[in-house]
Amino acid sequence: MPRFALTVIRHGETRLNKEKIIQGQGVDAPLSETGFRQAAAAGQFLSNVQFTHAFSSDLTRTKQTIHGILEKSRFCKDMAVKYDSRLRERMYGVAEGKPLSELRAMAKAAGEECPMFTPPGGETVEQVKMRGKDFFDFICQLILGKAGQRESVLPGAPGSGLESSLAEVFPVGKHGSLGANPKGGTLGLAASILVVSHGAYMRSLFGYFLSDLRCSLPGARDKLELSSITPNTGISVFIIDCEEARQPSIQCVCMNLQEHLNGVTEKQH
């Protein structure tokens, strides 16, 4: 039963984030100065973590963020990033480029809650969920060896260094457990995957983990936190056990971590 770690990070701040303008997929804004500092801070925080794979949305703000993170890495500075359109932000149609207040007004006029409302030309919540599920199924199959030969699937040399490097950054008791092997013994990670994506997309993905895969949460966390928007460069870590022809099991180690932002930017709520 292969086991892997999944670290999911939201992109750094853009000027439009600060101004509460909907970006979606059609407004491809770069990071602001604050956003670049956030990416560097996240990279410094994760600098001792060994990743075997790196994936990012193909939009500018996520590309700049993942490169800012990897630049600080002791082990992954030269790692190739795979850009995947399945990791893009939710498409908001006619609301893109407009203030969040206008989207809320559209939703109110339609008699719907804003997170569930689909603007004309936008993606439904279910469509975003299916994109997330498709990507997650892909990485599970990648780890199971179905995407090619084993030697090409795990380019980053899996081994005991993966779990020890994670445990240094996310110590047991502070951020929850890195997960005991259900069959006993060591954690035995086959891979450690870094993903950089977007706020609404990540909320949908985490909701899928909770509702469909029955993700277990660290002690003090609740379901509301899993369904909230991740702050810019907020870090969430999951441990996944995958097995052929069976639903993966998933454990949340930490959710929306932002302690690396102390002194970089005000915490976002």
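Here the Cβ of each residue, glycine as well, is placed from N, Cα and C on the backbone.
Straight from Swiss-Prot, the features:
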type: ACT_SITE; residues: His11; note: active site, tele-phosphohistidine intermediate
type: ACT_SITE; residues: Glu89; note: active site, proton donor/acceptor
type: SITE; residues: His198; note: site 'Transition state stabilizer'
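Recorded features from Swiss-Prot, shown on the structure.
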residue: His11; record: active site, tele-phosphohistidine intermediate; DSSP (3 states): coil
residue: Glu89; record: active site, proton donor/acceptor; DSSP (3 states): coil
residue: His198; record: site 'Transition state stabilizer'; DSSP (3 states): coil
Separation of alpha carbons, His11 (active site, tele-phosphohistidine intermediate) and the residue listed as 'active site, proton donor/acceptor' (Å): 11
The one of His11, His198 whose CB sees the fewest other CB atoms within 10 Å, among these recorded positions: His198
Inter-residue C-alpha distance, His198 (site 'Transition state stabilizer') and the residue listed as 'active site, tele-phosphohistidine intermediate' (nearest angstrom): 6
Packing count at Glu89 (active site, proton donor/acceptor) (other Cβ atoms within 10 Å of its Cβ): 26
